[in-house]
Amino acid sequence: MTDCWYIPEAVADRRDENRLSPNVPASYEVLGEVGIFYRHFDPKEVSDDIEGFIQPLLKKLNYQSYDVVNLSPANLGAEKFETLAEQHFMEHIHEDDEVRLILEGQGYFDVRDINDKWIRLLSKPGDCIVVPAGMYHRFTTDQSKDIKTLRIFKEAPRWIALNRGPEAEEKPARKEYLARLHAPAETAVGAANGRTIFSLRYPLKLDVELTAITKRLLEQHSKRPLALAIYLTGSTDPTTGESWCPDCVLAKPHVATRFAELRGKYGEERAIFLQLPVERASYLGNPNFPYRTHPTLQLASVPTLLVLTPAKDAKEKGDVQWHDLLDVKVRTCDADKADVLSLE
């Protein structure tokens with residue numbers, strides 16, 4: 001995994017790390033929220049056979065062409081390099097996704113979070129970054145002033161930037177990006193509505209947010225039973241519109257069926273659905289991923305479906321967290337075969 005952190009609005013030297021003091025780390029969940037796709041490939045796998053590596057990737061992403069560029073004073077000349085470097089660091093959007101795979105050297109992508117704050121994403125050999133069309137961003141090399149990247153395009157290679165301003169704001173790509181950014185999160189059972197369907201993106205905030213939701217639901221439905229389905233699934237890959245996890249794609253309709261069964265048993269207002277998207281870059285190869293180590297979730301693989309009902313003494317419990325108020329009745333990686341109608 002690479003590193004990402006917040007930086008100030010203005011920086012003295014764009015090629016420094018420019019961390020805040022104290023450092024404020026970002027996360028892949030924050031990047032995912034604004035549509036950034038990140039994946040790391042073995043740099044040797046790429047550099048040993050670029051053509052053999054890139055052709056399957058082009059097909060998967062439905063892109064048509066690529067080129068390789070080397071940004072350095074030695075390759076371009078000092079004057080041309082600095083001119084391009086300044087252009088790349090102007091805040092801008094593109095009308096197509098910007099797809100970059102780092103081959104050699106290092107650099108920084110700066111992207112805006114949902115509150116318009118800058119996040120700096122370190123980009124190293126093997127890192128593949130997709131910046132969605134319409135998203136404000138910028139790029140710089142580090143102090144080495146030397147980076148080699150593979151660029152992927154939907155059509156013929158081109159790089160057209162629209163600097164931040166009224167003209168960029170009126171572009172369809174910008175308007176479509178903002179519409180996606182502020183749209184309700186989609187889940188396996190429909191759009192999140194903050195009432196019976198929820199999506200919580202940040203693992204480190206889960207307990208606080210879900211405890212508040214659970215207590216509110218228990219108070220609202222104190223005299224009638226309810227059930228909470230928690231679905232942990234690979235987050236959506238913006239390049240395909242589907243989960244990065246193939247098994248999660250297959251599980252999605254079965255999860256919807258199981259939840260429909262819960263609604264039939266408990267009623268629409270007392271069957272609650274929570275989707276927990278799992279970011280690939282945070283999860284794979286990370287034994288300390290919060291959902292893995294969580295005392296109740298105990299995530300072993302995605303997809304995983306849990307169904308919980310209120311603990312018998314939930315009403316008597318005081319200042320406790322959600323997992324003290326609910327009992328796990330179903331835990332499965334195979335939603336197709338799960339029995340959610342025999343809960344006691």
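The count begins at 1 with the first shown residue.
Each residue, glycine too, has its Cβ placed from N, Cα and C.
Straight from Swiss-Prot, the features:
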type: BINDING; residues: HIS92, HIS94, GLU98, HIS137; note: Fe(2+) binding site
type: BINDING; residues: HIS92, HIS94, GLU98, HIS137; note: Ni(2+) binding site
In the same chain, outside HIS92, HIS94, GLU98, HIS137, whose C-beta lies within 8 angstroms of the Cβ mean position for the Ni(2+) site?
ILE93, VAL131, MET135, TYR136, ARG138, ALA161
Count the Cβ atoms, other than its own, that fall within 10 Å of the Cβ of GLU98 (Fe(2+) binding site), considering every protein chain shown.
21
Could you tell me which three-state DSSP class HIS92 (Fe(2+) binding site) falls into?
strand
Got a sec? Which of these binding-site residues, HIS92, HIS94, HIS137, has the most Cβ atoms within 10 Å?
HIS137
DSSP on GLU98 (Fe(2+) binding site), three-state: which is it?
strand
What three-state secondary structure does DSSP assign to HIS137 (Fe(2+) binding site)?
strand
